[in-house]
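Q: Sharing a structure, written as structure tokens. Questions coming.
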Amino acid sequence: MQGLVTKSTGSWYQVQTPDGRRYDCRIKGKFRIKGLTTTNPVAVGDKVDFELEPEQEQGVITKLYDRRNYIIRKSINLSKQAQIIAANLDQAYLVVTLASPRTSLGFIDRFLVTAEAYDIPASLVYNKLDMFSKEGLEILSEYKMVYEKLGYPCYEVSALKGTNIPALKDKLKDKITLFSGHSGVGKSSLMNAILPDLDLRTMEVSEWSDKGMHTTTFAEMYDLPGGGSIIDTPGIRELGVIDIEQQELSYFFPEMRSRLNQCRFNNCRHINEPGCAVLEAVENGDIEPSRYESYLSIYNGNDTRS
Ligand SMILES: Nc1nc2c(ncn2[C@@H]2O[C@H](COP(=O)(O)OP(=O)(O)OP(=O)(O)O)[C@@H](O)[C@H]2O)c(=O)[nH]1
Ligand SMILES: [Zn+2]
């Protein structure tokens, strides 16, 4: 049978067939991806073949189909190992807040660079709109302008009050969307507002523990009532930017990418080179200083997680 992986614990995978049934499956044999050593070979969003074990409700995954794209998380140790979080995404949404807690611009830019590197369209969802003062709303519209100009759609919502949730739902229709965000930005509240029957989740989790499966999920997919699905990544703070060479980094900033062929040197690092079109654009205000700071920070390998 063919199915879609909707949940993964690293040893168990939940696979959904086109008729909507879900089966718990294990993996048999080895699945290797060229050039990438991963701790989990199959991830949420993967299309697989599986066979049910005789007289059992559980199955064995026998084939993994090619991925359109995938996102990974670096392992904590220094080995080259990575964990695949999700595969075959149509878009990635980062939930952010301007206050309580404030999502830093460095964090946002890092997320956007990662999405560019994986070739996944990214959007920003500003939550807790109900908390904004008049000045706050002005700052918000400035932020939105910066990112929208770069081609990243921005939405302002209140999960608490339900503001602009129907418009957001429209954008999710028939797409597979990854939701990401710092702890406390209201990602869970937002998902509850989008998926009215999310209470199902807690039930499923306890069912899994009854079977003695360990229930630390990397990611989980939920179907939207009107078509499409969203992928939640509980406990994952940041997507890993691995495999980006320093020389490639500017390519993942759209405002730099469009100027790269105007630099005097074709191996320009855009740091202090004469005739650098990027530096020139920063100086005359065509590139946002905060974006350039993020470039330098990622270039120098600094952690911008705060
Ligand atoms: N005022 C306001 N508060 C909100 C809104 N959305 C969420 N909150 C509050 O923000 C806090 C964090 O919300 P959660 O939904 O738990 O946030 P989360 O991002 O899932 O965070 P973790 O559960 O830590 O991963 C809670 O106290 C929510 O009630 C909103 O739109 N407006
Ligand atoms: Zn340059």
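Easy rule for this one: first residue shown is 1, then count along the chain.
For all residues, glycine too, the Cβ spot is worked out from N, Cα and C.
Whatever TrEMBL says is automated annotation, not expert-curated.
Note that the structure is predicted; figures quoted are calculated from it, not measured.
According to TrEMBL, the record shows the following:
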{"type": "BINDING", "residues": "Asn127, Lys128, Leu129, Asp130, Gly181, His182, Ser183, Gly184, Val185, Gly186, Lys187, Ser188, Ser189", "note": "GTP binding site"}
{"type": "BINDING", "residues": "Cys263, Cys268, His270, Cys276", "note": "Zn(2+) binding site"}
{"type": "DOMAIN", "residues": "78-239", "note": "domain 'CP-type G'"}
{"type": "DOMAIN", "residues": "87-237", "note": "domain 'EngC GTPase'"}
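Each of the listed features needs to be described in terms of its position in the shown structure.
A: Residue density at Ser189 (GTP binding site): 15 other Cβ atoms are found within 10 A of its Cβ, drawing on all protein chains shown.
When secondary structure is read from DSSP and collapsed to three states, Cys276 (Zn(2+) binding site) falls in the coil class. Within its own chain, Cys276 (Zn(2+) binding site) has Cys263, Arg264, Phe265, Cys268, His270 as residues 6 or more apart in sequence whose C-beta sits under 8 angstroms from its own.
Looking at the domain 'EngC GTPase' (87-237) alone, the prediction's average pLDDT is 86.
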Q: Other than its own, how many Cβ atoms are within 10 Å of the Cβ belonging to His270 (Zn(2+) binding site)?
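A: A 10 Å sphere around the Cβ of His270 (Zn(2+) binding site) contains 25 other Cβ atoms.
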Q: Suppose we screen the binding-site residues Asn127, Cys263, His270 by Cβ distance to ligand 1 with a cut-off under 6 Å; which survive, in sequence order?
A: Asn127
Q: Of the binding-site residues Asn127, Leu129, Gly181, Ser183, which ones put their CB under 6 Å from ligand 2?
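A: The qualifying binding-site residues: none of them.
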Q: Taking 8 Å from the centroid of the Cβ atoms of Cys263, Cys268, His270, Cys276 as the cut-off, which other residues in that chain fall inside it around the Zn(2+) site?
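A: Result: Ser250, Leu260, Arg264, Phe265, Arg269, Ile271, Glu273, Gly275, Ala277, Val278, Leu279.
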